[in-house]
Amino acid sequence: MTLTQVSGSYVRRMENDEQTVRALIQRSHRGPEDLTLTTGHPRPAPGPGDYLVRVGAAGVNFADVMQARGTYGGGPRAPYVAGFEGAGEIVGAGPDVARPLPPGTHVVGTGPGAFAQYMTMPAAGVLPVPSGWSDAAALGLVLNWATALAALKPLGEVRAGETVLVHAAAGGVGQAAVRLARHYGARVIATASPAKHDAVEALGADAVLDARRPDLAAEVTRLTGGVDLVLESVGRATFRASLSVARPFTGRVVVFGAASGDASLTTHDLVFTHQVQVKGLHIGALAAAAPDRYRSLLAEIEDLVARGVYPPGTPRVRPLAEGPAVLRQLAAGLTRGKHALDPWR
Ligand SMILES: NC(=O)c1ccc[n+]([C@@H]2O[C@H](COP(=O)([O-])OP(=O)(O)OC[C@H]3O[C@@H](n4cnc5c(N)ncnc54)[C@H](OP(=O)(O)O)[C@@H]3O)[C@@H](O)[C@H]2O)c1
């Protein structure tokens, strides 16, 4: 490999036709309708502490839908290169990367502009793609799995024998959460759309319910007698039920998403109706505010990979041009599992 090296930073020398990239650009906040494929977009340059990565596969997440609608807190303002999760080969590094991985290493991480042939990623947050895995198989490691693990362990304090309620259990984070909760010895009650129940049962959930049934809270309480931990990512449609099924005083409700819209909670609710522990989670905020805790989550994920608890992912990979359609399906709740885009197809 030919490298251009300047004061610790480098970028692999590339052909002229690689100075620009194919990318999906979000042009407004009207949603995935205004996400368009562009050629000739300038290739990004790695800033201090960043790797430049040739993207092999980009992960699609519900947060992409929120960013496209302009509802993601602190999200990018249009126009911007969409996507924020990618896996691929390190081809460059900015200055000030501590203990840099060698060029050519495949990594998975997050950073701006993943729906493109090249992206940058803060080096501190990446993990090497596990040996023998494809880039696509590693998607989810630092996002879906780290979020599920943070919700279950440091925040949720799950213990063997406890009962955990996982909403949107057929989704990217949900499937990871079901697997992990089972691994830690919990009994898992899950919710998902009826067409997706088979996928959740296959992961070992003890019961799967339709979150839209009107007696959801009564049914969960009938099955469990009270839930020790709720992983709440659906928001408006499930939040009341989540609060009512959590055991008073000892029950924890970890809130990390609101796919159906925002819900509200008052001090009056907490004092007189739902005496439960409500905890908020944003994995990027955790990585920024508590980097040591985040690194220990990543170390635990590497250990889960090594022990085979975390198998290679099997996302459905589609060409970059299909990104807007994938986002529309995700927004409508029509997907199951992890979805990915190949920027070179
Ligand atoms: N805080 C964090 O750091 C963090 C990190 C990653 C993800 N998240 C959140 O975790 C959740 C899951 O993310 P993901 O990327 O893995 O997505 P996902 O679960 O694959 O997709 C979202 C799922 O939510 C369910 N849903 C329920 N009501 C919905 C509605 N009104 N509209 C659309 N979907 C609805 C659908 O499943 P059913 O059809 O089965 O109901 C849908 O498939 C999202 O809320 C996301 O924002 C948060």
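Keep in mind that glycine also has a Cβ here, set from the backbone N, Cα and C atoms.
Positions annotated as domain 'Enoyl reductase (ER)' by TrEMBL: 31-341.
Long-range contacts of the region 'Disordered' (27-47) within the same chain, counting only residues at least 6 positions beyond its ends with a Cβ under 8 Å from a Cβ of the stretch, are 9, 11, 14, 18-21, 65, 68-70, 78-79, 81-82, 92-94, 112-113, 116-120, 320-321, 323-324, 327-328, 331. Per TrEMBL, the feature region 'Disordered' maps to 27-47.
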Integer average pLDDT (0 to 100) for the domain 'Enoyl reductase (ER)' (31-341): 97
